[in-house]
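Asker: Submitted below is the structure of interest, expressed as structure tokens.
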Amino acid sequence: MDSFEDKLQQLREAFKEGRTRSAEFRAAQLQGLSHFLRDNKQQLQEALAQDLHKSAFEAEVSEIAISQAEVDLALRNLRSWMKDEKVSKNLATQLDSAFIRKEPFGLVLIIVPWNYPINLTLVPLVGAIAAGNCVVLKPSEISKATEKILAEVLPRYLDQSCFTVVLGGRQETGQLLEHKFDYIFFTGNAYVGKIVMAAAAKHLTPITLELGGKNPCYVDDNCDPQIVANRVAWFRYFNAGQTCVAPDYILCSQEMQERLVPALQNAITRFYGDNPQTSPNLGRIINQKHFKRLQGLLGCGRVAIGGQSDEGERYIAPTVLVDVQETEPVMQEEIFGPILPLVTVRSLDEAIEFMNRREKPLALYAFSKRSQVIKQVLARTSSGGFCGNDGFMHMTLSSLPFGGVGTSGMGRYHGKFSFDTFSNQRACLLRSPGMEKINDLRYPPYSSRNLRVLLVAMEERCCSCTLL
């Protein structure tokens, strides 16, 4: 028996009845999300600490505040985003109304991962609600404490005839994907992304895939190694390295590596103390499966910093590896943990060639005091996002779209990009029922004179002149 069919049908009926269409309804649901975040802040922080040993600071910065900012932005701009967008016309349509209408797709499925379970639930949900859709949320069963709050508490703040949270693991997700949705938004790894995309293809359902990959970080010789180390260590070991946009490896010269390793040690000690295992600021690996996988990667290359682990606590020390070969496992898969390999190159050209013979990453980073070096890396590579001389700070700007390219994903969201992702851009032209004489130019019998006049009339004009 299909346990989802009845609820999905209820959501479809709610959408058909137009319940989610009005600006007032959308704003009320967004206000509900805002109240959910404010009323349950401590509970959310405790759940994130339980799941990931995430500090209150990291929970606020990367989960709660970002989600709240997205809600606030959508509330401020909702009516302007919803407005029909007027477009330029040609001579033949100067007296007509041409516009793009942003209409909701209908029933949307959002599948959420475990590493940022609040952020990666609420940020796409804001876009789906603002665009006027009904939504099915599927949180990760791996982040159990957060899943419980999303399932039991979040629905109280939303209209449950238009939104629902479903629970379960791989089997339940597979059953859910057998149903036809009007849009699917998935965040996770590429392997599961292919499964989701194949399921969507059966119904020709449009889809956004937010995946991952091995994000490179190039460090030029002219950099201050301590400044680079501070910034790299922060965004590599943030959330215990379980971040899809974290740098997966550093490319630098042998000389820079010799300067960078002690600087990284200084940064790690400054951030997490002499014994990082006792630091309240360092997260833990999500479960035993991922812990075992990461523990296996510690045997690659040579451990220059860290390397300690404790299975009972799912703790892996902030680690730096050197003398790493490109063929080793740590360079063949996304690490998704607090391990940072350093790979030496002889030149910028070699570094760029190294990056370009791999799949396009979700993010790419470059450090240099010379702007032309940053611009070269930007011009000669491709990635979902790029940041020069820092880590994932580009993620803090809702004015920038977030997403991957190639195997790191497809589609964009954040800010208005989320609204656009969950909206059908409907092309509309409203013509006059009269003035039929003008249309004689296009009707048979055809003539060369009529063709010339019609081609001129069909040229796009930016002016507002209404003379024919």
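Each Cβ is built from the backbone N, Cα and C atoms, and glycine gets one as well.
Swiss-Prot lists these features:
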{"type": "MOD_RES", "residues": "M1", "note": "N-acetylmethionine"}
{"type": "BINDING", "residues": "G188, N189, A190, Y191, V192, G193", "note": "NAD(+) binding site"}
{"type": "ACT_SITE", "residues": "E210", "note": "active site"}
{"type": "ACT_SITE", "residues": "C244", "note": "active site"}
{"type": "MOD_RES", "residues": "C465", "note": "cysteine methyl ester"}
{"type": "LIPID", "residues": "C465", "note": "S-geranylgeranyl cysteine"}
Asker: Between V192 (NAD(+) binding site) and C244 (active site), what C-alpha distance do you get in Å?
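Answerer: With distance taken Cα to Cα, C244 (active site) is 15 Å from V192 (NAD(+) binding site).
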Asker: Express the distance between the Cα positions of E210 (active site) and N189 (NAD(+) binding site) as a whole number of Å.
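Answerer: Here the two Cα atoms lie 8 Å apart.
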Asker: Need the DSSP three-state call for E210 (active site) to compare against my parser.
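Answerer: Note: E210 (active site) is in a strand by DSSP.
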Asker: Near C244 (active site), which binding-site residues out of A190, Y191, G193 have their CA within 10 Å?
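Answerer: Among A190, Y191, G193, not one has a Cα sitting within 10 Å of that of C244 (active site).
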Asker: Please state whether DSSP places V192 (NAD(+) binding site) in a helix, a strand or coil.
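Answerer: Looking at the DSSP assignment, V192 (NAD(+) binding site) belongs to a helix.
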Asker: Starting from the Cβ centroid of G188, N189, A190, Y191, V192, G193, which together make up the recorded NAD(+) site, report each further residue of the same chain whose Cβ lies within 8 Å of that point, ordered by sequence.
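Answerer: After dropping the recorded site residues, what remains is K194, I195, V196, L211, G212.
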Asker: Across all the protein chains here, work out how many other Cβ atoms are within 10 Å of the Cβ of V192 (NAD(+) binding site).
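Answerer: V192 (NAD(+) binding site): 17 neighbouring Cβ atoms within 10 Å.
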Asker: In sequence order, what residues of the same chain, 6+ apart, have a Cβ less than 8 Å from the Cβ of G193 (NAD(+) binding site)?
Answerer: F186, L209, L211, G409
